[in-house]
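Database features (TrEMBL):
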TRANSMEM  12-31  transmembrane segment
DOMAIN    70-147  domain 'Copper amine oxidase N2-terminal'
DOMAIN    166-260  domain 'Copper amine oxidase N3-terminal'
DOMAIN    304-708  domain 'Copper amine oxidase catalytic'
ACT_SITE  ASP376  active site, proton acceptor
ACT_SITE  TYR461  active site, schiff-base intermediate with substrate
MOD_RES   TYR461  2',4',5'-topaquinone
Amino acid sequence: MEEKRMNSLVKWTLILFVLASIILNIALIGIHSSRAPKCSAQRVHPLRRKHDERSAVFADLSREEYLQVQQFMLKQNNLEISTNQISKPSDNFLFLIDLSVPKKADVLAYLDRNGAKPTREATVVVFYGAKGYIKEYVVGPLPNPTYVNDVTMERYHKELPISARTVTIGEYNLLFQFLGDVFSKLGKIMKESFDMGPDKQLNAFEQMPRGVRTGDRKTWISFFRDMSGMYIHPVGFEVLVDHQSVNASEWKVEMLLYNGQYFDSIDELKDKYDKRLVKKIVYKESPDYGSLKPRNRPLQVGPQLFNVEGKRYSVSNNHVVYMDWSFAFGLSALTGMRVFDVRFNDERIVYELSVQEAMSVYGSVTPGMILTKFLDSSIGIGRFAHELVRGVDCPYEASYVDTYRYIDVPKPVRFRNSICIFEHNMGQPLRRHFSDFFHHSYGGMVNSALVFRTITAIGNYDYMWDFIFYQSGSVEAKVHATGYISSSYLVDGALRHGHQVAEKVLGNIHTHFINFKVDLDVLGVKNFFQTKDMEYVNVSLPWMPDHYAMVPQLVEKQLKTEKEAALRYNTKTPRYLHISSNKTNRWGQQRSYRLQVFSFTGDHLPESQAEERAMSWARYKVAITKHKDGEQTSSSLYSQNDIWSPAVDFSKYIEDNESIEDEDLVAWVTTGFLHIPHSEDIPNTVTVGNGGGVLLRPHNYFDMDPSIHSADSVYLSPGSEDSCDSNRMACLAQETCSPVLEPFTYEGFNGVMKFEDWV
């Protein structure tokens, strides 16, 4: 009986304890909720700038405009364009539709002088496989086009051969079918060496350019295990395919490489393999070292960015306003991210800041890499801007923008959340000083900046592109590389070209060169190019004339022609490079913007090489040219596949050696890094240290640092530490709130072409 009473007492004690715990938790939640209200999505303070609807002059084509241009082109019977969903090389195929950027003079007249709105037009690229050439057209006006003009000769001063075309999905489809036939003829070797069969396949990766001379379309194709991060799982088998003919029935295998040994035909490889005249590759199961799945279970979420008092920027259509900044933006399928009409305090600083090209040159002893020189705009840099992952690629609370593209597709494709925009605490003060002599005080300001970002996954590499807008009036264009290294099968002599990073795997040495276009308009379009540096001079001391000291002295120069202003990487470059105006600040100094380049590039390809002309922009750390509408880009869609006779040779922009005094100037900036792959590139390359960029900094442009007017400034003096008047941080604890987060979603795999769709 006593035992029952004890059990009953324990039971009621436990019940009361649970009830007390529940009540206490509810009370604590209530108290915490009152102290930590949900943050409002509405901004507390009004924006400093207003949106400008005229920014639409730079806007990418809408889905409706793409469809209008497509239908208009297909109705032009004289153009004889195929309506096939997936093209064959022999088709007349509508490959690309993109915005045709209007002429700068027309845009400036519209924006600054109430001129007529420039006609909205599209560029259209048609591959005429049946006729043996490529054409570029301009279609307009949009919406509801009425004309199509052939602009091929106007833009390139030459006809474009069909061999210069990008390999389309349709051609890849035929190539995979062709390779399937090769595999079937080598069934025994494929099974014994690579465990390949009906339920297992090898993945392919191509060497570019496709040959050694104009007109070639002969591609070395390397094969990799069908595993995570296939690019670091080479198997030691490569095939040279001649697919020059637009008729796939005429394609042929020209050569094969198996375990470092070359064979002239499939039959020769089979015969020597059966006769044991080759060193056989014996299949061995490989660990999945390329997987990016976490090796440990995630335990908690790391620090996240959220806006305590609402976002301090606004995005409307293709226009952004942030603090004292405003700009228009776009995403070209070929060249990628770009911004226009960048203004600070309503003064235009930059007319255009854009990505132009990403190029890599590889070293190897095996053919899949030995000639490889990738020119990514020929594939499409912006083409591969897929959905960004919330909370990883960009802060969770960033603003996300969809884009549409029409490149090698039957209809325009929407890429959800492919651009992100966010204000970011850069993790250090923009400026600060603690005064402990005479006047005790602290003055500082957090470095909060606006980041405009997209990430493009081009084959094995992922490039993260950032344009960053600082409250000091500076703009930075920056790129970081991640993704997977390209690798080759380890054979004798291979270690001269890299490091071993896995069993029988060589990480191939390669360069990364990135080209940006920087069209600065410093107080107008009449600018100069100046350099500043230092030199030591031997100076007699005024108070001791017989005593001398080496003293740094400012050296200033103005470079007057395009050839003078083409600053090569292999020569000493002045440390200060300026686009200057003829106007002065309060102190009589020429108002200017400085180009500060951050780069760790490898050596540029020697100019004696025929392929170098297609990448001649990479000779120069900075090259200054007079603005011309006909010199819109430093590379082209056709450079990769006709690398020996490029449609755009940047060096010709400089050859005419025009005056750059009191002219509209464009700076072409090359940055990047040398990559010698190492074991820490497995499973894939990290962004830390792998990048480069250019910073555009005001230099005597303002009378003082403009960030002194920012409301983010903090000032402390003895006795005023708790005052909110000049220190918003003092009130933050009283107003702390928790963010209202959107649910995590990701749809980036929707619409991605799968292997089975290609064959």
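Indices start at 1 and increase along the chain as displayed.
The backbone N, Cα and C atoms fix where each Cβ goes, and this holds for glycine too.
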Whole-number Å value for how far ASP376 (active site, proton acceptor) lies from the residue listed as 'active site, schiff-base intermediate with substrate' (Cα to Cα): 10
Cβ neighbour count (within 10 Å, all chains shown) around ASP376 (active site, proton acceptor): 25
C-beta crowding around the residue listed as 'active site, schiff-base intermediate with substrate', within 10 angstroms: 25
